[in-house]
Structure formats: C-alpha cells, structure tokens
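A.B. asks: So that we are looking at the same thing, I have put the structure below in structure tokens.
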Ligand SMILES: NC(=O)c1ccc[n+]([C@@H]2O[C@H](COP(=O)([O-])OP(=O)(O)OC[C@H]3O[C@@H](n4cnc5c(N)ncnc54)[C@H](O)[C@@H]3O)[C@@H](O)[C@H]2O)c1
Ligand SMILES: O=c1ccn([C@@H]2O[C@H](COP(=O)(O)OP(=O)(O)O[C@H]3O[C@H](CO)[C@@H](O)[C@H](O)[C@H]3O)[C@@H](O)[C@H]2O)c(=O)[nH]1
C-alpha cells in the first residue's frame, strides 16, 4: 500500500518506518525542514534504539522517503496517517491546532479515494471534526478512522512490530478492510470499534496505567511508614493475573510526553460533559507530589540544602530515550536550585535536550556519572539507566564527599549496600534506609 505519514515525532517516524519494513511504500512528511534534512542525510532527530538502522535499511530499499511537501505525499497515498502533536493547553485540554491545520492541508491535497487515519491521541469527537474539515476542503471521496498508537518510547520499534492489539475505529467498511489488511502482518488481535470508542480506548488505557503507578507509589509511601517493602508487595500483588506485574514499580512518579498530558486531557474531556473524574484527579495529584519525596528525604538528612552540592543521575523521564518532556528531574532540580543547592547533573543521552529547558549558574552538566558524583554532598538517582546500577558502590562512596544516596528508582540492592556506610533512601523500602532503620515505627494497633 502507499502511505503518507504526517509528522515525524516518535509516532510518525516509528510507525512510518515499521510500515515500510512490512513492504509498504511510505513517505514521511514534516513541516520542520531541519528534521527532514537530517533524516535525508542519514541522521535521526530522536534517540530510539534500533531506529537508525531500520531507517537506513528501508530507505536503501526504496520503500521509505522523507519530504516537507505534504500535498505531494498525500496525492500519491492510499492511506494518510496523521501523527502530529497534541500538546497540553494551559488548562490541560489537548491543543488541536496541529491536527486542524494538517487536516486542512490534507483536504486540499487529496486526489481520489483516500483513507485518513488519526494516530495522534485526540479527544473523543475529534475525528468527526477532522472529517468536517476535510469535507470543507475537498469534494474527493474519503473515509476516516481512529487508530490510536500504544508504543512506548525506548521500546518503540518492538512495540510497533509486536503490538498487544490494534484498535481500528471507523464507520466505513472499506476503511475497515484496508486497515485490517495493513495491520494483519503485525497481529491477529485487531479490534474494530466505532470512532468514539477508539478515541476513548487510548485515553482510558493511559489513565489506567497512570493510576497503577500512583497507586503503587501511595502503597510505597505507606510501606515506608509501616516498615514493609513495596518491591515485595508489588511482586506479591503481580502474581495475581487479575492485577498483573506491569506498571507496579514505585518511584518518583510518571513523566513523559503522554501520561501527564493525557490524564489532564481526560479530566477535561469528562469536565466538558459535566462529569468530575475524581479518581483521575487524585492520580495526577499523587503523581505531582511523589517527585518531591526526593527533596523531603534529602532535607531529612542534610537539614538545609543551602550551599550543598547535589549530584543528579538521570534527566530523561525514563531510560533508553532522550525525551525530557515532563521529566520529574526538571522540577526536582528547579527545587534544589531554589533552595540554594548547586547541582551537578549527568544523563548518558538526554543532557543536551534537558539543557534546552534549564540553565542556571549553579547547574553544571557533567560528561560522566563519576564527574557528577565527585565531591557532591549527596547523590539522587532519578532515571534507572543501566550504567548507574553497574557502578560498584564502594567506588561511588569514595567519589562523594558525603555517602548520601537517594535512589528514586529502587536500583540498588541490600547486599551491595551492606558493604558500604551509605545513608540510603529508596522508595517504599524502609528496611534499606538508615534513617528509618534507626527509628523503627511503632504501630499502635
Ligand atoms: N511519543 C509517544 O511515545 C506517543 C505514543 C503514542 C501516542 N502518541 C501521540 O501521538 C501524537 C504525536 O506524538 P509525538 O511524540 O510523535 O509528537 P511530536 O510532537 O514529537 O512530533 C510531531 C511532529 O509533527 C510535525 N507537524 C506538526 N504539524 C504538521 C503539519 N501540518 N505537517 C507536517 N508536520 C507537522 C511537527 O513538526 C513534529 O515534528 C501525539 O498526539 C501523542 O500524544 C505519542
Ligand atoms: O511501573 C512503572 C512504569 C512506568 N513508570 C513511569 O511512567 C512513565 C511512562 O513510562 P512508559 O509508559 O514506559 O513510557 P511512555 O513512552 O510514556 O509510554 C506511555 O505513553 C505512550 C503515549 O501515549 C503510550 O503509547 C504507551 O502505551 C504508554 O506506556 C515513566 O516516567 C516511567 O518512569 C513508573 O514510574 N512505574
């Protein structure tokens, strides 16, 4: 099939490349000419394991090309995939301006029957608005479909080539047939729904996963007070198939380009139909507060952060990505700086993107984890990059001025810590934190 993919962010680029890899003829379009130039010259604007190689293979095979000319790509395509951004507006609603603009441009370009598929995450009812915009711009025949994307950054190619399910929301029999044929090589688990249900499936899925994370983070906070270990609690819960093991890792809360924005957008979607989504509001509130536990723990040990030097390991919102959108590290570092600390930060991949968001006279970006730790009064681990877990703890202890380690992702194990004199706080594992070990909680019931 001939596909045009509009937008070369994570979703557009990865899905375009993967569809090409399946043997389709794909043109990826972006209005950002610097991205297209980079892609044409063999570069990749995002860090995603395996993506560069897959782009090279499929470009060389002549199945994949890149352009800024949306009209040309759309004219040649049987199926047009919309994968532009839907960022948050200040009130939390999804900003649909990129979607509407792209829909107008597509409408003006289509040439013969075309299926327009929305992969961007959009509020319920948006695909109908897209259809209305298209109809205003063309008298050519078209159908629309909502095919939400579920890939995760860092494992985007694997997720796209091995999806748990494909959801196709459409009212058109022809679109259903063609889109089922397009996705059939990826999975047999294809669910066809009406358009509004498909749009809702995406938000409900992200909101549910975010709820699991806030739930386990609250359990972790209670574990710290009652002397239980959240990693054991999560393991014990996860063996129950009705609960499942995934998304029960306690930490500093979720970040990234999706959960924060999509939870806020769903609260707004509900609000527009006069429904207060109380549970999801609490999920967001818990998540927002969770990252400040890092600061609270530091202050519990150091008392005052003024003139302290704090090392930060990890800036990306999760490992294996250079994406720093809504990364918890941002607010944590800003708070440290506001409280008078100096910060030495290191991330293997994401520092360049992070430094576009935050510069400060007391914030230094370091070239290695060792450089960041050297001479610091405390170290906070915020992203669980593998290289952090690999460092021998006695070596780390020698680098730091004070052996204080706040592990926001529960990376280190008791056996490793027992050979050191670290004051160690993790998340929901009180038996490992010296501070709590010294004052075992008394349970009055
Ligand atoms: N990032 C993810 O992991 C992920 C996963 C699933 C779903 N989503 C959803 O997919 C959508 C895209 O997310 P992303 O992170 O890939 O986006 P992004 O913001 O990183 O990239 C979007 C791209 O679209 C381009 N663009 C905007 N308007 C255009 C136009 N008219 N013509 C051509 N190009 C245009 C922009 O220049 C940009 O490069 C969002 O709705 C997001 O919620 C994202
Ligand atoms: O047990 C867990 C799992 C994740 N996280 C955090 O949650 C955030 C999101 O992680 P993840 O879901 O792995 O990454 P994303 O790339 O943001 O993917 C989510 O958002 C995408 C965009 O909508 C969806 O397509 C994916 O299905 C959905 O998992 C990160 O900050 C993680 O550190 C935890 O704290 N604990």
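Every residue, even glycine, has its Cβ placed from backbone N, Cα and C.
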A.B. asks: Would you identify which residue of 52, 318, 344 TrEMBL lists as part of the substrate site it also attributes to 150, 151, 152, 153, 202, 247, 248, 249, 250, 251, 255?
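C.D. replies: Given 150, 151, 152, 153, 202, 247, 248, 249, 250, 251, 255 bind substrate in TrEMBL, the matching entry from 52, 318, 344 is 318.
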A.B. asks: According to TrEMBL, 30, 35, 86, 121, 153, 325 bind NAD(+); so which of 212, 261, 386 is the extra one listed there?
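C.D. replies: So, going by the record in TrEMBL, that would be 261.
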A.B. asks: Among residues 150, 151, 152, 153, 202, 247, 248, 249, 250, 251, 255, 318 annotated as binding substrate, what is the maximum Cα-Cα distance? Answer in Å.
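C.D. replies: Between the outermost Cα atoms of 150, 151, 152, 153, 202, 247, 248, 249, 250, 251, 255, 318, the distance is 24 Å.
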A.B. asks: If H, G and I count as helix, E and B as strand, and all else as coil, what does DSSP give for residue 121 (NAD(+) binding site)?
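C.D. replies: In the DSSP reduction, residue 121 (NAD(+) binding site) maps to coil.
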A.B. asks: I need the CA-to-CA distance for residue 150 (substrate binding site) versus residue 258 (active site, nucleophile), whole Å please.
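C.D. replies: Distance between the two Cα atoms comes out at 10 Å.
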A.B. asks: Are any of the binding-site residues 121, 202, 248, 250 near ligand 1, with a Cβ under 6 Å from it, and if so which?
C.D. replies: 121
A.B. asks: Near ligand 2, which of the binding-site residues show up if the criterion is a Cβ under 6 Å from one of its atoms? Options: 35, 150, 152, 250, 255, 325.
C.D. replies: 150, 152, 255
A.B. asks: Tell me the Cα distance separating residue 248 (substrate binding site) from residue 261 (NAD(+) binding site), rounded to the nearest angstrom.
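C.D. replies: Distance (Cα to Cα, whole Å): 20 Å.
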A.B. asks: Whole-number Å distance between the CA of residue 258 (active site, nucleophile) and the CA of residue 86 (NAD(+) binding site)?
C.D. replies: 10
